[in-house]
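K.L.:
Okay, so Swiss-Prot annotates it like this:
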| type | residues | note |
| --- | --- | --- |
| BINDING | 34, 35, 36, 37, 38, 83, 84, 114, 137, 171, 287, 311 | NAD(+) binding site |
| ACT_SITE | 116 | active site, N6-AMP-lysine intermediate |
| BINDING | 405, 408, 424, 429 | Zn(2+) binding site |
| DOMAIN | 587-665 | domain 'BRCT' |
């Protein structure tokens, strides 16, 4: 194949991946599995490395990996990014409507209501359909060039579906689930957690290392076209449809309202629904729909006259701190938790709120007995936002940093000067072991069924194990000491433990509990190093040269394997007969090669994860959605909607016994 054909193949792959990015991140309607997508991306990465002359700054591969920047240069906006006037009540919205109609000299005005996403505003510029720059709002006159970081946001296209030269604007945000995930890791690792998703977004988008941005899974909604008349657009509603057509993600909740009463009804509706969303919103943005009307109304120096923010009432309530509990996590981080007088906050009873760390307590001057305002960060996570100091009586107690671990009584301290967390420094702390064991035996790791949270706690409390590797040395006599376990349960647990010795390498890596190493990273490491021994000997440079492994992850891997306790755990796993190497691809059968499966329901002989691994090991593919390209729907007990879809499309349906016959014959 000559270079011209390779160039054509690269272009074709880019277009295909961009299409799947759009289906997944914009439409939320993927048509291929994650595995298929990863294969396409991997192939493109390999071809671009082999033929660097075909490099493109807008290739989908620019969304993985990262660059380290010196800083962010300031750039003037093409037109100012203005702020909005705002209101919190219905009467002022009605006054806004009357003012608009009076200025325009009309009796009726249509409005577009958009969710006011609490994130970071961004201006995106494209030339001939190619991404050029991304600017933050800054002071509204000039912003910072955040292009390298914005390239890592999967919902923002690097190439449009049309070859347009255009500037659009929107909001970058961190979904609540990503915010929760980051803060959980931050607290475990002794890092300062973010107060809310908006701060998390701002802190992420200004990272000098764009590989960190890629890992934090920011998202976007685009809502504004600069100079819309160039593209024949006459209304904001048309502009939103146009933005989606050319490849941008727009918010599905936007609503066209024919009068102000519709606006108020929608505001009331979203006031109730806002806590059900996976992103933080603090109100609606009400815009005059007609662009000609917008031009007539104009702007003040601060804000457009044709738009207003209709804010939601604050989700907060008053409570009192009754006590402080100290929780110990997997890495020993001690997290203070406020025990509160129960309060009803947005329909749920709140009795506790995390205080994150002792620096946070000092900064907010929080004391036992204080009356405080409690708010739901992102509409979900209870947190104390302020102390009502005027209600202090003088009987409040200052919260002291513990001098010893609340669980084991061991020494506490910081493992580095930079971190804010206080940790239990005892390597044998039972609470640390309990939290690690929960990960170790989980489905995503060694998948040892029968060892639920309560049984794990009893095993640790009975001192039957000193570390996670000891699970492979348990005997029937050991387990007989655990209340609630009969002979049948003991036999089942021991059978599952024996079976777990052949766990795939990537799941072994997950089970080790290396900070910041999840399933995707574990698979990358397993494919690259093939064994725990090779991974444990990897250098920082070797790790950071791997696509998808950033500096933070590399540092954690090296620190983890340098630890003497880790070395002991690895030795014990090896001596117990746990497989610490990856099977070579040559062992793969091609029995199911070229066949695509979808799985639904529950199985007697396998877990769904095991079924997936069997199919892939035999050369088949597993996807999440039934389509005309699906060869088989494998059905267990209580199948879901996929069963009906397969019937409609005429996809062959097989049960567990038929599947067993297929893989054995």
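Cβ coordinates are placed from backbone N, Cα and C, and glycine is handled just like the others.
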K.L.:
Considering the binding-site residues 84, 405, 408, 424, 429, which residue's Cβ sits among the greatest number of other Cβ atoms within 10 Å?
P.N.:
424
K.L.:
Can you tell which of the recorded positions 36, 38, 116 lies nearest to residue 429 (Zn(2+) binding site) in space, using Cα positions?
P.N.:
38
K.L.:
For the recorded Zn(2+) site, whose residues are 405, 408, 424, 429, find every other residue on that chain with a C-beta no more than 8 angstroms from the centre of their C-beta atoms, and list them by sequence position.
P.N.:
328, 332, 404, 406, 407, 409, 410, 412, 425, 426, 430, 431, 432
K.L.:
For a quick check of packing: other C-beta atoms within 10 Å of the C-beta of residue 38 (NAD(+) binding site), how many?
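P.N.:
Around residue 38 (NAD(+) binding site), other Cβ atoms within 10 Å: 14.
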K.L.:
At a 10 Å cut-off from the C-beta of residue 36 (NAD(+) binding site), count the other C-beta atoms across all protein chains.
P.N.:
16
K.L.:
Reported in the order helix, strand, coil, what are the DSSP residue counts of the domain 'BRCT' (587-665)?
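P.N.:
Counting residues per DSSP class in the domain 'BRCT' (587-665), I get 29 helix, 18 strand, 32 coil.
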K.L.:
At a 10 A cut-off on CB-CB distances, which of the recorded positions 116, 137, 287 has the highest count?
P.N.:
287
K.L.:
What is the separation, in Å, between the Cα atoms of residue 38 (NAD(+) binding site) and the residue listed as 'active site, N6-AMP-lysine intermediate'?
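P.N.:
Cα-Cα distance, residue 38 (NAD(+) binding site) to the residue listed as 'active site, N6-AMP-lysine intermediate': 34 Å.
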K.L.:
At the Cα level, what's the spacing in Å between residue 405 (Zn(2+) binding site) and residue 287 (NAD(+) binding site), rounded?
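P.N.:
Their Cα atoms are separated by 55 Å.
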K.L.:
C-alpha of residue 36 (NAD(+) binding site) to C-alpha of the residue listed as 'active site, N6-AMP-lysine intermediate': distance in Å?
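P.N.:
Rounded to the nearest whole number, the Cα-Cα distance is 35 Å.
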K.L.:
Do you know offhand how many angstrom separate residue 287 (NAD(+) binding site) and the residue listed as 'active site, N6-AMP-lysine intermediate' by C-alpha?
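P.N.:
Given the Cα positions, residue 287 (NAD(+) binding site) is 12 Å from the residue listed as 'active site, N6-AMP-lysine intermediate'.
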K.L.:
Using C-alpha positions only, work out which of the recorded positions 84, 116, 137 is nearest to residue 408 (Zn(2+) binding site).
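P.N.:
That would be 116, the closest of 84, 116, 137 to residue 408 (Zn(2+) binding site).
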K.L.:
What does DSSP call residue 429 (Zn(2+) binding site) in the simple three-state scheme?
P.N.:
coil
